[in-house]
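Listed in Swiss-Prot for this protein:
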type    : residues                               : note
DOMAIN  : 2-118                                  : domain 'PLAT'
BINDING : Gly17, Asp79, Asp80                    : Ca(2+) 1 binding site
BINDING : Thr18, Asp19, Asn44, Asp45, Glu47      : Ca(2+) 2 binding site
SITE    : Trp103                                 : site 'Essential for stabilizing binding to COTL1'
MOD_RES : Ser272                                 : phosphoserine
BINDING : His368, His373, His551, Asn555, Ile674 : Fe cation binding site
MOD_RES : Ser524                                 : phosphoserine
Amino acid sequence: MPSYTVTVATGSQWFAGTDDYIYLSLIGSAGCSEKHLLDKAFYNDFERGAVDSYDVTVDEELGEIYLVKIEKRKYWLHDDWYLKYITLKTPHGDYIEFPCYRWITGEGEIVLRDGRAKLARDDQIHILKQHRRKELEARQKQYRWMEWNPGFPLSIDAKCHKDLPRDIQFDSEKGVDFVLNYSKAMENLFINRFMHMFQSSWHDFADFEKIFVKISNTISERVKNHWQEDLMFGYQFLNGCNPVLIKRCTALPPKLPVTTEMVECSLERQLSLEQEVQEGNIFIVDYELLDGIDANKTDPCTHQFLAAPICLLYKNLANKIVPIAIQLNQTPGESNPIFLPTDSKYDWLLAKIWVRSSDFHVHQTITHLLRTHLVSEVFGIAMYRQLPAVHPLFKLLVAHVRFTIAINTKAREQLICEYGLFDKANATGGGGHVQMVQRAVQDLTYSSLCFPEAIKARGMDSTEDIPFYFYRDDGLLVWEAIQSFTMEVVSIYYENDQVVEEDQELQDFVKDVYVYGMRGKKASGFPKSIKSREKLSEYLTVVIFTASAQHAAVNFGQYDWCSWIPNAPPTMRAPPPTAKGVVTIEQIVDTLPDRGRSCWHLGAVWALSQFQENELFLGMYPEEHFIEKPVKEAMIRFRKNLEAIVSVIAERNKNKKLPYYYLSPDRIPNSVAI
């Protein structure tokens with residue numbers, strides 16, 4: 001009788017093993033086997049991290065093996081089991097790999113196909129077509145769209161983490177508990193003694209050092225020492241944790257009535273302000289999005305305030321960006337003066353602090369939450385709903401949506417919900433952050449997620465004119481490496497554009513993103529369909545780059561740039577000044593966050609800036625969903641390209657007082673998971 005050797009690999013994460021009964025059935029072209037119990041006498045099967053082998057003898061020849069069915073039945077108490085893969089050695093000596101990388105829960109079962117990636121058109125056998133269809137039908141029942149707030153991109157239909165499908169939950173929910181992590185962070189930073197001191201002001205700037213962790217030769221220490229300087233202020237628009245707002249100014253906006261006379265002390269080329277604009281030396285950052293947003297009113301004992309500043313910047317003769325004019329609200333007038341570097345020291349400093357605070361709000365809610373977290377969740381849900389596990393694009397993308405839906409669900413449960421942690425320390429808490437997302441969705445376009453196009457649209461693409469924009473330089477290198485990789489994968493499975501156009505599962509995936517993620521907005525520019533290999537490669541690059549590089553660039557620098565509270569105040573306790581010459585140091589300190597809010601803020605930026613244990617960085621694919629040699633070779637080339645970029649960035653950063661490393665591939669996690 002024919003005999004098969006079955007190798008079963010159990011996951012190595014916590015609680016991956018099982019004591020339940022595991023049964024296996026083989027389904028082939030010539031028939032199906034009986035159900036076989038996988039069990040070895042006096043042996044503890046399916047332990048965490050184990051690879052177990054079993055001999056399975058069948059009554060008759062099964063022909064070509066199409067499917068492997070695994071069933072789990074209760075032994076004593078139910079325990080979930082994480083199955084990595086099954087390898088089958090046939091009676092003819094052939095080896096067939098069946099990737100799984102999924103949890104089997106309860107009295108569950110799972111049916112696996114071999115690891116060869118297949119488009120729907122490649123499946124001509126009825127049982128394989130049926131398996132493909134049933135998998136998507138089941139997934140679409142599990143992964144349902146839900147509107148969390150009106151106008152938001154749709155998210156997963158789950159009220160809390162435990163409501164999620166087991167396959168996309170965190171291995172241990174405890175590790176991503178925001179309340180626990182923030183509390184731990186404050187304990188690790190030795191600031192928990194201050195965390196309940198709301199309404200208690202700091203005495204002066206030096207007093208903030210009581211909660212500042214001094215680590216020499218770090219960016220955070222340099223920020224603390226130089227945050228008041230115009231050069232440091234300007235540098236952050238290029239290479240801080242929100243390097244996506246600065247634009248080249250092509251015409252001075254009427255709402256900012258600044259004149260040459262006002263700023264002539266800052267201009268170094270003997271040109272008028274209008275001439276400097278024409279020469280491309282003037283830049284602008286406009287926080288119009290914050291105009292009219294409701295400030296946090298959740299604490300009746302503390303009034304909190306927002307501004308909507310406009311900041312004009314200048315490229316000096318050293319090619320450095322420095323501020324030359326700041327207006328703290330959108331409507332010009334006597335009570336909304338334009339602050340200048342020539343004003344009194346504290347007038348100018350407070351104006352810059354207001355800009356930094358506004359930048360923090362836009363960064364957290366729009367640059368970070370909306371444009372990486374929520375967008376990546378949309379891609380993830382659409383992928384699970386429309387691409388079966390055998391589809392090459394599922395195999396390509398699954399590593400880049402790992403834990404994204406889970407972290408967003410935890411955020412909605414604990415962080416950005418009503419009375420959540422976000423409300424504790426942020427002036428946009430209490431609903432302002434929701435209003436901001438609802439506004440910003442209108443500007444969420446496909447082209448703004450295409451990195452080279454986004455840089456060009458802001459007039460920031462010239463390396464000659466703007467030489468110290470490392471976010472742009474490194475981002476382009478990583479974008480090109482990802483695009484080269486996706487084009488290789490696309491070319492392996494789609495021999496021409498027609499195959500792309502006729503792949504209905506791909507088209508359904510793209511349509512799901514457009515209809516539910518972008519809410520069917522034509523102005524978003526998101527494609528409803530994809531008709532060429534080139535456009536498909538670009539689309540996949542957007543998905544991967546957003547989840548990996550873009551998130552890394554705007555997330556992991558938060559402690560570096562925001563831990564010194566005066567450089568990134570999460571709230572302000574007095575309104576913006578309406579006149580010049582009245583600001584004092586005492587007024588500035590009383591405007592900055594109190595001790596309690598400072599500590600909650602510090603705990604947040606520390607926790608959000610930490611890599612996960614066993615982090616998977618860009619190019620690392622330990623789950624072998626692909627088994628074909630051409631794709632594995634493409635992955636090797638991808639990793640080599642990324643290693644070369646790591647070397648380029650390391651060489652540039654040598655001896656730099658302010659190194660830029662957020663887009664070094666060895667520091668870019670594969671997915672949004674924190």
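Heads up, the Cβ atoms here are built off N, Cα and C, so glycines get one too.
What you are looking at is a predicted structure, and each value in this text was computed from that prediction instead of being measured.
Proximity to Gly17 (Ca(2+) 1 binding site), defined by a C-alpha to C-alpha distance within 10 angstroms, is shown by the following recorded positions from Asp45, His373, Ser524, His551, Asn555: Asp45. Across the fold, the C-alpha of His368 (Fe cation binding site) and the C-alpha of Asp19 (Ca(2+) 2 binding site) stand 42 Å from each other. A gap of 43 Å separates the Cα atoms of His373 (Fe cation binding site) and Ser272 (phosphoserine). Sequence-distant neighbours of Asp80 (Ca(2+) 1 binding site) (same chain, six or more apart, CB under 8 Å from its CB) are Phe15, Thr18, Trp103, Ile104, Thr105, Arg166, listed in sequence order. Across all of the domain 'PLAT' (2-118), the predicted model scores a mean pLDDT of 94. Sequence-distant neighbours of His551 (Fe cation binding site) (same chain, six or more apart, CB under 8 Å from its CB) are His368, Thr372, His373, Ser376, Pro669, Ser671, Val672, listed in sequence order. Considering only the recorded positions Thr18, Asn44, Ser272, Ser524, Asn555, the Cβ with the fewest other Cβ atoms within 10 Å is that of Asn44. Within 10 Å of Asp79 (Ca(2+) 1 binding site), counting C-alpha to C-alpha distances, fall the following of the recorded positions Asp19, Glu47, Ser272, Ser524: Asp19. The CA atom of Asn555 (Fe cation binding site) is located 39 Å away from the CA atom of Ser272 (phosphoserine). Within 10 Å of its Cβ, the residue among the binding-site residues Asp45, Glu47, Asp79 with the fewest other Cβ atoms is Glu47. Those same-chain residues not listed among Gly17, Asp79, Asp80 yet with C-beta within 8 angstroms of the centroid of the Ca(2+) 1 site C-beta atoms are Phe15, Ala16, Thr18, Asp19, Asp20, Trp81, Tyr82. Considering only the recorded positions Ser272, Ser524, Ile674, Asp19 (Ca(2+) 2 binding site) has Ile674 as its nearest partner by CA-CA distance. Nearest Cα neighbour of Asp45 (Ca(2+) 2 binding site) among the listed recorded positions (Ser272, Ser524, Ile674): Ile674.
Annotated pair Ile674 (Fe cation binding site) and Asn44 (Ca(2+) 2 binding site), C-alpha to C-alpha distance, rounded: 35 Å.
For the recorded Fe cation site, residues His368, His373, His551, Asn555, Ile674 set the reference point as the centre of their Cβ atoms, and the other residues of that chain within 8 Å of it by Cβ are Leu369, Thr372, Val554, Leu608, Val672. Closest to Ser272 (phosphoserine) by Cα-Cα distance, out of the recorded positions Asn44, Glu47, Ser524, is Ser524.
According to DSSP, the domain 'PLAT' (2-118) comprises 0 helix, 60 strand, 57 coil.
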